[in-house]
Amino acid sequence: MNTWITAKIIKIKKWKNNLFSVIVNAPISPFTAGQFTKLGYQKKNGKIIQRAYSFVNAPHEKNLEFYMVLIKNGQLTTKLYNLNNTDHIQIKKKSYGFFTLNEIPTCKILWMFATGTGIGPYLSMLKYQKNTEKFQKIVLIHAVRYRHDLTYFNEINNLKNIYNKKLYTQFIISREKTNFSLSGRIPQLLKTEELEKHINLFIENNTSHVMLCGNPDMVKQTQNFLINNKNMKKHLRRKPGQISSENYW
């Protein structure tokens, strides 16, 4: 049975555009980078409001970090957003999910596509580093609406330095232009080949594995493009393929 345990709020980091990070400390069971858990807030009537969130922190780090967006009239996010370091919430003892690097076959290039808060699992994986040796190159792509939505911009650049030339990073911003990002949306930039040409690496079914995390529309459209245009298949334990995905709502 997966029980609820108490987590102490360490810090609520409030970013721009209603984005925030919840940092807690709790004696959870060991988890695998890329997994998610459930956070809960207990109401006065004893009922727990709960939602699933992926870990941003690596498994070896002391505190647990979760990245989310404040939802207007959202039952849980409005509670979490207004907590401070004297408060406590509930967290599941054990974690969930198979969106992890140990589930990905060895290949030449691993592509990590994320929109918005879907960047979280990749940060956990890359900080932990375990199983990254299975790939010659890793490409991390983070797509957002505005530059202020790139909450972990500095952390991503630090990871790029740690991995040296093994990690490629690319930011995509859809609603404003910058001198460091591509403009548009992931599916369209794949269709035009602008993304691959800009990075100078190419998605091929015999060399690449693609991970998709975030907006369900992005996941669906990108997955369909890869299946129809790159001759790729969904990756299943019983039937290996080249596409792994996780929807974020």
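The first residue you see is number 1, and the count goes up from there.
Using N, Cα and C of the backbone, Cβ positions are placed for all residues, glycine too.
Going by what Swiss-Prot states, the NADP(+) site holds VAL144, ARG145, SER174, ARG175, ASN215, PRO216, ASP217, and the candidate of ARG185, ARG237 recorded there is ARG185. Of all the binding-site residues in the list ARG51, TYR53, TYR67, LEU76, THR117, the shortest Cα-Cα distance to SER174 (NADP(+) binding site) is found for THR117. Residues VAL144, ARG145, SER174, ARG175, ARG185, ASN215, PRO216, ASP217, recorded as contacting NADP(+), have a largest CA-CA distance of 19 Å. Proximity of ARG145 (NADP(+) binding site) to non-local residues of its own chain (separation of 6 or more, Cβ distance below 8 Å) is seen for ASN17, ILE173, SER174, ARG175, given in sequence order.
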